[in-house]
Amino acid sequence: MKSPAGPSGRSAWLAAAALMLFGLGFALADRFQLTHGVLYRAAANDPVSAGRNLLWLALQALALFAAIALVGRRMFAGIMVLAGASILVNLAYGQTLGDTVDPGKLAWLAAEARQGGNAAAEFTAPLVLAGLQGAAAVFLFIATRRALHKGGWVSSHRFAPALGLALLLLPSLAAVSPAAAERNVYSAAVALALAEPPPPREPVTLEPQSAGAPRHIVWLVDESVAHAAFADLIAPELAPFQPIDFGAAASLAHCSAPSNLALRSGVDVRRAGPRMDLRTTSSIWGYARKSGYRTILIDGQTTGAPQNLLLQPERALIDEVRSAAGGIDTDREIARALNRQLRTDGRTFTYAVLRGVHFQYRDHYPPGAIPAASPTRLHYETALTHSKGGFFEVLLAGVDRENVAIVYTSDHGQNLSEGALPHCSPQAVADEFLVPLLAFLPERLRAAYAQAPRAGHSASQIFPATLIWMGYDPAAVQRRYDNDLGAPTARYVQFDRNVVPLSPGEAIGIRVDAPFPVAQSAAARRTSSSRP
């Protein structure tokens with residue numbers, strides 16, 4: 001039986017087949033956009049948003065379908081390459097994080113690009129699945145083109161390619177939202193490229209009284225160190241050094257880049273909100289320089305361009321940037337370098353980003369230390385023990401403790417549940433925020449914290465505490481930022497991946513009503529039976 005023919009011998013059956021193939025391909029490519037923008041909104045009793053999102057996605061689908069039918073062979077090949085790349089990014093992001101891509105998240109991905117190898121190793125299975133899905137979507141689009149061509153629906157008119165390209169670009173030029181998977185990476189990249197340059201940092205308006213301030217101040221910001229594991233494995237070794245242990249503190253984010261940016265910038269927690277811009281604050285570097293300190297950044301994780309959203313206006317306030325990235329003993333090498341520095345006569349403020357124990361955990365201890373098939377928790381504990389075992393002994397050997405103030409914390413915690421995202425997950429759990437917070441202080445500063453609680457602290461308090469040690473007025477500092485470490489945080493604030501606004505007044509990712517994180521259960525803590 002012959003298929004019904006339309007005008008000029010066109011096949012209606014093949015047109016229907018092409019529509020079916022295209023629909024399957026588009027649904028596969030845009031499954032996270034359809035799920036989040038349509039199904040979730042409908043389930044949340046928001047039919048208006050669900051309908052609007054479905055309409056925009058349908059119009060973008062029609063534009064792509066028209067382009068497939070109208071453009072020439074070479075242009076079609078180029079469209080498939082570009083669309084396939086964007087679809088792959090969307091599916092890979094969605095498959096691992098269960099979320100959709102937007103300009104803020106793309107900026108975060110760029111900031112975290114240094115961890116691409118670790119992510120690929122950790123999430124091999126979902127990334128391979130995303131690749132297969134992306135390839136299947138592109139194959140279905142190619143099959144759509146073949147069905148249209150065989151059915152006589154591919155136009156040979158000389159203006160058809162231009163019309164097809166115009167229709168394809170129209171949704172992007174109109175900046176529709178949500179953008180479909182075949183185009184949103186490029187739309188987001190354009191938005192980032194056209195974003196205004198970072199604003200200047202505000203000048204420091206407070207005046208310090210530097211007499212009696214420590215000669216050297218160091219912030220040790222570790223990577224992916226969970227409070228529970230640190231308390232069990234490392235803290236007992238620190239008793240001879242008598243640190244002030246503030247207990248399980250809450251990090252400012254569960255991702256590295258926003259956490260480090262917020263730490264360096266200082267957070268006015270009482271007035272924090274979605275319209276704040278951390279890029280404009282005076283920053284720890286400005287305060288340190290005004291108090292007479294030479295400012296130093298040590299990065300134990302990367303070489304080349306600065307990471308963790310360190311932009312040029314802030315970079316200009318740092319006197320020296322040292323790359324210390326190396327192998328599994330990087331942190332001990334940093335400890336040795338700091339030890340030499342702490343025994344000099346100069347005045348320095350140092351922000352040291354340690355290598356820490358970012359997944360893959362097996363990359364942070366000697367090969368063969370434990371069986372490869374060991375539980376995730378054991379891999380993590382072995383990595384942490386190697387990373388921080390002996391670190392503080394090397395750091396403090398022969399140092400005049402009365403001239404030095406050191407804070408140790410981590411950028412975020414770690415979820416060690418089997419099969420879970422360890423941090424930066426879309427639905428974060430408390431363990432992703434719980435970090436150690438310790439201070440090694442001169443006796444004259446220790447006294448202020450003798451009665452300090454050992455719970456309820458936030459990383460936002462490190463900034464005002466340090467300013468007080470530098471000689472700034474305690475009352476003014478605490479009004480402007482947060483409580484000193486002698487009390488719990490005045491207000492707990494969490495930042496998300498999209499911590500930097502791309503245009504003036506744009507809302508950032510922040511929670512100002514978040515409950516203070518508490519370990520979910522006793523199972524979140526290490527048990528002695530997990531180690532050999």
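Just so you know, glycine gets a Cβ as well, placed from its N, Cα and C.
Curation does not apply to TrEMBL; its annotations are automatic.
Annotation source TrEMBL lists transmembrane segment at 53-71 (among others).
Here TrEMBL flags 76-93 (among others) as transmembrane segment.
Marked as transmembrane segment by TrEMBL: 123-142 (among others).
The transmembrane segment annotation in TrEMBL covers 162-181 (among others).
Among the features that TrEMBL reports, domain 'Sulfatase N-terminal' is placed at 328-472.
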Cβ-Cβ under 8 Å with the transmembrane segment (76-93): same-chain residues at least 6 beyond its ends: 29-33, 64, 67-68, 99-101, 105, 109, 126-127, 130-131, 133-135, 137-138, 141-142, 145, 168, 181-186
Beyond the flanks of the transmembrane segment (162-181) by at least 6 residues, Cβ under 8 Å: 26, 29-30, 32-33, 36-37, 53, 56-57, 59-61, 63-64, 66-71, 75, 79, 86-87, 90-91, 100, 187-188
Outside the transmembrane segment (123-142), six or more residues from its ends: residues with CB under 8 Å to it: 21-22, 24-26, 28-29, 64, 68, 80, 83-84, 87-88, 91-92, 94-96
Averaged pLDDT, computed only over the residues in the domain 'Sulfatase N-terminal' (328-472): 95
Secondary structure content, the domain 'Sulfatase N-terminal' (328-472) (per DSSP, counts of residues): 61 helix, 21 strand, 63 coil
